[in-house]
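Quick look at what TrEMBL annotates:
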DOMAIN    279-445  domain 'Helicase ATP-binding'
BINDING   CYS507, CYS510, CYS547, CYS550  Zn(2+) 1 binding site
BINDING   CYS516, CYS519, CYS534, CYS537  Zn(2+) 2 binding site
DOMAIN    542-696  domain 'Helicase C-terminal'
Amino acid sequence: MKVAKVVVDVAVSAIDSLFDYEIPKQLQQVVKPGVRVIIPFGPRKVMGFVIEVTDFSHFDKLKKIDSVMDYEPVLTRELLDLSKWLQQETLCFRVSALQAMLPAVFKAKYEKEVWLITEEDQLPFEWQMFTQGREVFPFEELESAGIKAKEISKFVEEQLIEIKYVVKGKNKVKTDTYVERMVEEVKLIEQLDELGKQAKKQRNVIEYLLDHDKPLRLKELMQHVDVTRAPIKSLEKKGLIKLVQKEIYRDPHQANHELTKPLPLTSEQQNVINPVIDQINQIKHEMFLLHGVTGSGKTEVYLQSIDRVLQDDKEAIVLVPEIALTPQMVTRFKSRFGDDVAVLHSGLSTGEKYDEWRKIHRKEVKVVVGARSAIFAPFENIGIIIIDEEHETTYKQEDYPKYHAREVAKYRGKYHQCPVILGSATPTLESYARAQKGVYQLLELTERVNEQALPDMKIIDMRKELEKGNRTMFSDALVEKINDRIKRKEQVVLMLNRRGYSTFVMCRECGETVQCQHCDISMTYHRTNHKLKCHYCNEEQAMPNQCPECESEAIRFFGTGTQKVEEALKEHFEQARIIRMDVDTTSRKGAHERLLKKFGNQEADILLGTQMIAKGLDFENVTLVGVIAADAILHLPDFRASEKSFQLLTQVSGRAGRHELPGEVIVQTYTPEHYTVKLAAQYDFEGFFKREMQVRKRFLYPPYYFLVLINISHENHVKAVEVSQKIANLLSEQLGETVQLMGPSPSPMLRIKDRFRYQLMIKYKSRTDVDKPLENVLNTFQKEINREDLQLTVDFEPYYFM
Ligand SMILES: Nc1ncnc2c1ncn2[C@@H]1O[C@H](COP(=O)(O)OP(=O)(O)OP(=O)(O)O)[C@@H](O)[C@H]1O
Ligand SMILES: [Zn+2]
Ligand SMILES: [Zn+2]
């Protein structure tokens, strides 16, 4: 008996293990690891992933697999194993891990279509009776014609047919008409002679065909030869050519990219790439941290490392943060590697994503450039993995499975014995500390390729502006410089750190904010009881009426939205053309790209935006970057607030003066004496690292300790508090001495979508100290999670504390 071990799509932890199912005879050739099946489960039919196929089972009465969903595996052996590791690492359901690796089309309701990828007469007679000249037909027809699954899968394997998934009414596989030659070249030349003078158009078509021996798009042919369909049809009747429907991939980035050649590397770049190439040659896994200032040519190093990998006929994965995945970025890869590149990001439609994924699955491309989930690209022969802007928090997934792409990259790098490069101008403290300890190999680029100095960064003290009587959001210096750029027809990038939302109070006269004594994070204002609270340790204090430092009464909430700034800009600079980029103006598909293109074409003087404009932009005419209020991030209730501010200031300043024209940066702040602002202005990453590490050590934060965050939420406030307290009690009984438990405390955003939210935080040194207690908690509350709408999430290496 053949038995399939299956992960069932039922998210209840108690049953989150493999189930044995008998494979009926007619499905035995089809059911393989990585294929999805439909199986009976209790009274229902559910979906499951086949993980293994064996010859026996410890159970004697097995239910049978009902049917298959896939006729070839959608996941590789490596990815199936990786899902197990993800489950253990992030404490998620195995099925969530498996699903996270597939494009969304597989989660939607879809139909299947059968595509012939060979001549019809290659198929057995019964099939021909049935296909009757069709190249595409609904899968259902195969089933109702009684064609066996075994046969279908055999033909898929032999590449006679292909099964494609089509979301109902949504993403029809796109087709176009192609012209194919049916006869040898000599035959065509013979025809040329035979055709009379009158058939000039037909002759032109044949001549064109002789020059182009690939299948041509009908449209293209008609355009180039300047003919109607008629002469082409005549040639088809003569049996010389054939018109066929072929699939075209939806490729939003399709454009004829002129191919670029590798640039001669600078000596710094050469020093950096050598050890990487060494590892590639030796087929060894190593984690590299590439620390290179903005504009130092990191991307060129990536491109040439990938080039080396492609020579070995291996594949490359490049992760880029979603918002940096601009057309500019894509073009750099496509114009180096042409059609070998697939692009995956959330801006694509479900259909487009599926098309890109299929190119990878069918090994039609060798390089994938994508956002976080591209780390699961189903390549089987990976030669390098690159994570650009490794400090970006978007590499951590906030939904289950709560994985970090860096850790998955490490897993796959080890599996394929290939190097992994983490690149950034501002690495995370975690990564830099690992590089210092030699866990990662550190590679450094200290100079810009164009030998321009990094732009001069000036800090403006907004308290002084207030003293002078300037109550606007723009300092005199910023106003003057913007006017100056508008006059010189150069461009300005203005950044506001956040859209509207703020939780902290600050004194506008002295810049003081209230910090928790135990946690070194800003206290959060709670409207309900007018108190300040630390949401890590739950310490509470009354909201002061005057500044504890300078006794000023100008102590209040902090924060302005982009829209307000835009209005103020219009008042100040009447003649300026402004583009605003934030979540509101970029939510529509393609809006992000369109706005950037407009700015690139110099159709605006000022680009105003949230941090989404800090990354990856490369416009030669930008000579001034302004940061409206550096404080908005500096005082987030998050232990990484300083680190994030440092990164952001460095990144955004990197947008100025990238080419011929020198750049300049203006940073407005109420706390100019803060070490983060000062060191960022000097581009002193090393100095910042040392200083910030002291803070992390003193308050037991990463990289000295690991964190795990437990979020509890319920519609009933009392219930949320009760459960949080119970969990805290349970944990404190089970956690050892070396582990610190903090909370429960209300989340900074106490209520979201009518749910009350609480959190607990654990600081630990070793996973073995926390795994068992956390599993116990999850098991204890599983019933309440299922029945009473309690939400309980466990988040290792958390980045989001709101
Ligand atoms: N060896 C080289 N010779 C000439 N030009 C180069 C070389 N390497 C890179 N460049 C050019 O220098 C500019 C900056 O390089 P690149 O964008 O790769 O830097 P980066 O470190 O990735 O920048 P950032 O981190 O700011 O995005 C680009 O225009 C690139 O084409
Ligand atoms: Zn004050
Ligand atoms: Zn605290």
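Heads up, residue numbers simply count up from 1 along the chain you see.
Cβ from N, Cα, C; glycine included.
Just so you know, TrEMBL annotations are computer predictions that nobody has curated.
This view paints the features noted in TrEMBL onto the structure.
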residue: CYS507; record: Zn(2+) 1 binding site; DSSP (3 states): strand
residue: CYS516; record: Zn(2+) 2 binding site; DSSP (3 states): coil
residue: CYS534; record: Zn(2+) 2 binding site; DSSP (3 states): coil
residue: CYS547; record: Zn(2+) 1 binding site; DSSP (3 states): coil
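Fewest other C-beta atoms within 10 angstroms, among the binding-site residues CYS510, CYS519, CYS550, are seen around CYS550. Taking a Cβ cut-off of under 6 Å from any atom of ligand 3, the binding-site residues CYS507, CYS510, CYS519, CYS547 reduce to CYS519.
Among the binding-site residues CYS507, CYS516, CYS534, CYS537, CYS547, the residue whose Cβ has the fewest other Cβ atoms within 10 Å is CYS537. Screening the binding-site residues CYS507, CYS510, CYS516, CYS519, CYS547, CYS550 for a C-beta under 6 A from any atom of ligand 2 leaves CYS507, CYS510, CYS547, CYS550. Each residue contributes its Cα atom, and for CYS534 (Zn(2+) 2 binding site) and CYS547 (Zn(2+) 1 binding site) these two points are 18 Å apart. Each residue contributes its Cα atom, and for CYS507 (Zn(2+) 1 binding site) and CYS516 (Zn(2+) 2 binding site) those atoms are 16 Å apart. Here the candidates are the binding-site residues CYS510, CYS547, CYS550, and by Cα distance the one nearest CYS516 (Zn(2+) 2 binding site) turns out to be CYS547. Nearest in space to CYS537 (Zn(2+) 2 binding site), taking C-alpha to C-alpha distance over the binding-site residues CYS510, CYS547, CYS550, is CYS547. CYS510 (Zn(2+) 1 binding site) and CYS519 (Zn(2+) 2 binding site) have their C-alpha atoms 22 Å apart, to the nearest angstrom. It is 23 Å from the Cα atom of CYS550 (Zn(2+) 1 binding site) to that of CYS519 (Zn(2+) 2 binding site). Counting in whole angstrom, CYS519 (Zn(2+) 2 binding site) lies 21 from CYS547 (Zn(2+) 1 binding site) by their C-alpha atoms.
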